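Before I ask anything, here is the structure I am working with.
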C-alpha cells in the first residue's frame, strides 16, 4: 500500500478501528492484501483512489508453495475438492490451484467434519499452498469480492494498519466452524459460541472471557470493559488476567493489576518505557511529588518519574535529596533547590542545622539549614571553629576574626585555642592568650622573633628590639 492514500478511522481513545464496514459502508470494489510472513489478510475498499482498510482476517498460507505477486480472482466455488482429498467451503480462486477457502473438511457438503487440528493452526504457515481462513471470513470474500478482485500476496515490505486477529482454539469435539452460518445452530444447541450480548461474557468452550459487540466476538478490541462492577483489561477481545500495565480509557490511564483495574492503587506503573505516578488507580499527570515503589522513593515530575533529576523533592512535610531520580537516604551533602543550597542529613533537609557542610571540595557555612553566602564569621564543625568568608571556609587565611564579642586567632583557617602570640589586624597588633585577644592584659610579651612587645588593654603600643 505504499504510495497510496489511506483513510483510517479512530475511536474516541485514539485507537484505530479495525473493522470499519459499519462506518465506511460497502464498496463496489475491494482489494485483498495477504502478508505471508504474518499470516494476515487486510481487505481495502477503494473509492476514487482512496483506500479504506475495512476487514482483517487471520489465515494460514503454504510458505514457498504460495506464490507471491499480483493476481485477479477468476472463479468461485461453494464447495471445492482439495488435496487429500479434502474439501473446502466458500472458495475463491486466486491463481492456478491456489484458493481462498475455509479450513478443510473430511467430507464434502458436510460442515460437521471440520479438521479441528488444522483449524487450531490458523495464523501459522501450514497449508499446501492455498490461503485458509475461518468459514465466516472465507464466506465474506466469497460474498463481497467479485470476480476480478485484485489480490496482492507478499512476504516482505508490506504495510498493515490493522493488528493480526487472535487465533481461536477449538476442543477436539467441536468438529464444525463456529463462524459458519450453516452450522451455528449446533453452537446454540451445545451452548457454545452462542453469545447474544454486548460486552464481556464467559465462553465455556475454552474458559475465556470474551468481549462482544452485537453478539460478535470483537477480537480487535483492546481496552477496558466493565463487568459486574469491575473494570477489566481486554486484549484482542479476551480478558488478560496476567496483565500488569496501564490502560487508556475515557481520557484517563488506569492501573491494571492481574487484569483488573485497581482503584486502590497508589504506586508507580510502568508503560511505554516510563514509570507513571498512580493515585487511586489513575495516573495523575499533575503530580509533582515522590512516589514509592520497590523499596525506594522516586522523584515524579508531571506524573512521570524523572530519572535525570538531581534536586530536592517535597513529601510528607519534608524535603528529600534526590539523586538520579531516587531519594538517597545515605546522602550527607548540600542540595540545590529554588536558587539556594540546603544542608542534607541522611537524605533529608535539616532546617535546624547550624554547621558547616561539605560540597564540591569546599566547606560551606549553613544557617538554619541553608548556605549563607553572605556569612563572614566563624563556624563550628568537628570540634573546631573555622573562618568563613562569603559563606565558604578559607583555609589560607591567617588573621583575627570577630565572633561572639571576641576576637579570635585564626591560622590556616581555624581558631588555634593554644595560641599565645601577637597577631595583627587593621586596628593594630594585639596580644592573644589561648587563642583570643586579651583586652584586659597590660604588660609585656617576649616574642619568638626576639622582640619585646609592650601591651596596654591588649593592644601593642611599643616594640623594643632585644640586643
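Every residue, even glycine, has its Cβ placed from backbone N, Cα and C.
Sharing the features that TrEMBL gives for it:
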- 101: active site, proton donor/acceptor (ACT_SITE)
- 130: active site, nucleophile (ACT_SITE)
- 30-154: domain 'L,D-TPase catalytic' (DOMAIN)
Averaged over the whole of the domain 'L,D-TPase catalytic' (30-154), what is the pLDDT?
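Result for the domain 'L,D-TPase catalytic' (30-154): average pLDDT 95.
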Given a separation of at least six residues and a C-beta threshold under 8 Å, show me what packs close to the residue listed as 'active site, proton donor/acceptor' in the same chain.
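The answer is 80, 82, 88, 89, 90, 91, 92, 130, 131, 132, 133, 138.
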Would you mind checking how many other C-beta atoms are within 10 angstroms of the C-beta on the residue listed as 'active site, nucleophile'?
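The answer is 25.
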Treating G and I as helix alongside H, and B as strand alongside E, what does DSSP give for the domain 'L,D-TPase catalytic' (30-154) in helix, strand and coil?
17 helix, 60 strand, 48 coil
